[in-house]
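**Student:** What TrEMBL lists as transmembrane segment is 45-67, 73-99, 138-160, 166-186, 198-219.
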Amino acid sequence: MAVGAICDSESLNHIVAIPNPTKEMDENNNNNEVDYWQRAQWLRAAVLGANDGLVSVASLMMGVGAVKTANTAMLVAGFAGLVAGACGMGIGEFVSVYTQYEVEIGQMMRELGTCDRKEKALEMELEKRRSLPNPLQAALASAFSFSVGGLVPLLCGSFIKAYKIRVIVIVAISSLALLVFGRVGAQLGKTPKIRSSIRFLLGGWMAMAITFGLTKLLARSSGLDF
């Protein structure tokens, strides 16, 4: 009887564990999980560039349209704003992100004490920290997205001859694009879509309204003849 009990206990202890497919799926999902922190680096530059491009060019065209109704004037103003803004965004993003990159590299070197270690140790540490910002990636993403955003108001309203229709089309298409940009940014970053879209839309409306109103006020108060 005692021997049988011992054998039974040993057999229970040596039961083969059945694989858990749910656990394996969870582990695979964790391995394939997207690093949203790393994605946020270029996503911030891209979303910021698209929003700035659309709002800046649309506001500039609205400002010129407040005192000059000709479509050629709005076209030239929008094109100049597009080129200048894309260059400014790209260069500014590169300079600022590269400064951040140098600061983080310097801090890592101080923590590692590279004076007493080989260069390979630093390379291994850099490989571990993949969250370092990429200046060139941020600059290209910002300049490209600014151009894409700026083309929306530039192409949709510049060639419409009727002034009132042109202004309405620019505001309407720009508003729709702002909603789309907000939703895309939220989708890529896994953030609330409605709040992001509304935030983009309200910000764009404020910029266009302020630019149009102040330019109109300046023209009237100064008596400038355009």
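Even glycines carry a Cβ here, placed using N, Cα and C.
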**Student:** If we skip the immediate neighbours and take only residues 6+ beyond the ends of the transmembrane segment (198-219), which ones have a Cβ under 8 Å from one of its Cβ atoms?
**Tutor:** 51, 54-56, 58-60, 62-67, 171, 174-175, 178-179, 181-182, 185, 226
**Student:** What stretch, picked from 45-67, 138-160, 166-186, has the most CB pairs under 8 A with the transmembrane segment (73-99)?
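**Tutor:** Looking only at 45-67, 138-160, 166-186, the most contacts with the transmembrane segment (73-99) come from 138-160.
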